[in-house]
Amino acid sequence: VQCDGLSGQCPCKENFMGLRCDQCEENKYRDGYECPTCPACYREVQKRVNHYRWDLNTLQDAVSTLNSSQTLQSLKEDKQLTSELDLLARNLNNLKIDLEQKGLISRNTSDYNQQDVELRNSTTDLENRYRKLEQKLPDLI
């Protein structure tokens with residue numbers, strides 16, 4: 001049996017694969033010089049393998065989307081928005097302090113304080129999400 005001069009691919013017997021026909025096809029196992037079909041119980045393993053392949057394809061699509069310049073631009077815009085929200089939160093807090101000091105609002109501002117806490121928590125959550133994306137992005141590219 002002679003192998004292809006350009007690709008190096010050898011003609012394989014049934015159930016064999018690889019350039020030199022030294023591997024069994026999927027759902028086959030090596031038994032001496034043969035590659036018989038795996039037992040029926042292997043079907044459950046194969047179902048899981050196919051599920052993982054589907055998950056891998058989904059992940060590859062997500063990475064491809066992240067690699068698009070439009071997505072990178074969106075991440076930059078999100079970072080800018082997060083910075084602007086932080087500045088806004090600081091300015092609102094400073095305004096509240098100034099108004100309290102001048103007696104224009106009472107110190108009993110629990111509703112405002114609660115909203116301030118919620119805004120800060122939302123901002124922190126957005127920052128954390130952005131930082132995670134920013135950290136994972138180089139690994140995905």
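Positions of Cβ are set from backbone N, Cα and C atoms, glycine also.
Keep in mind that TrEMBL annotations are predicted by a computer and have not been checked by a curator.
Marked as coiled coil by TrEMBL: 78-136. Annotation source TrEMBL lists disulfide bond at C12-C21. Among the features that TrEMBL reports, domain 'Laminin EGF-like' is placed at 1-43.
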The domain 'Laminin EGF-like' (1-43) - residue tally per DSSP class, helix then strand then coil: 2 helix, 8 strand, 33 coil
Other CB atoms within 10 A, centred on C21 (disulfide bond): 17
Averaged pLDDT, computed only over the residues in the domain 'Laminin EGF-like' (1-43): 89
